[in-house]
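What Swiss-Prot annotates here:
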type	residues	note
BINDING	Lys11, Phe59, Arg87, Thr93, Arg104, Asn114	ATP binding site
ACT_SITE	His117	active site, pros-phosphohistidine intermediate
Amino acid sequence: MAIERTLSIVKPDAVAKNVIGKIYDRFESAGLKIVAAKMKQLSRAEAEGFYAVHKERPFFKDLVDFMVSGPVMIQALEGENAVLKNRELMGATDPKKAEAGTIRADFAESIDANAVHGSDSVENAAIEVAYFFAASEISSR
């Protein structure tokens with residue numbers, strides 16, 4: 001099994017609900033280690049840059065507006081098959097379609113306010129982790 005790193009963001013809706021610790025418990029219980037973390041109020045430029053891949057999609061403006069609506073908790077997770085494991089923990093993008101017991105089923109309100117972001121591939125994970133963390137801010141353990 002490959003040790004991977006992935007990016008996770010606890011979005012403004014979940015931060016406002018004060019469930020960061022409950023979400024972190026899901027990561028750690030699944031064998032993922034938090035190797036970097038910071039709370040941050042994203043600027044519009046940061047959110048637009050991070051989600052640039054969606055720039056031409058109709059939901060882009062609403063997504064950016066949501067991501068700058070309050071602080072987010074950003075973390076790099078590390079572990080065996082971290083990308084897939086985190087995606088399984090998150091559940092489907094639409095919380096109404098997410099399996100019971102997943103983060104989105106338990107903490108998300110809607111497809112827009114869906115509690116968490118997670119990298120969708122090992123390649124994107126490397127890009128996303130580097131977007132928010134310098135190598136010196138990451139401590140493998």
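Any Cβ shown, glycine's included, is placed from N, Cα and C.
Keep in mind it's a predicted model, so treat the numbers as computed, not measured.
For the recorded site, Arg104 (ATP binding site), the DSSP three-state label reads helix. Cα-Cα distance from Arg87 (ATP binding site) to the residue listed as 'active site, pros-phosphohistidine intermediate': 9 Å (rounded to the nearest whole number).
You'll find the Cα of Lys11 (ATP binding site) roughly 7 Å from the Cα of His117 (active site, pros-phosphohistidine intermediate).
Fewest Cβ neighbours within 10 Å among the binding-site residues Thr93, Asn114: this applies to Thr93. Largest Cα-to-Cα span within the ATP-binding set Lys11, Phe59, Arg87, Thr93, Arg104, Asn114: 21 Å. In the three-state DSSP reading, Arg87 (ATP binding site) counts as helix.
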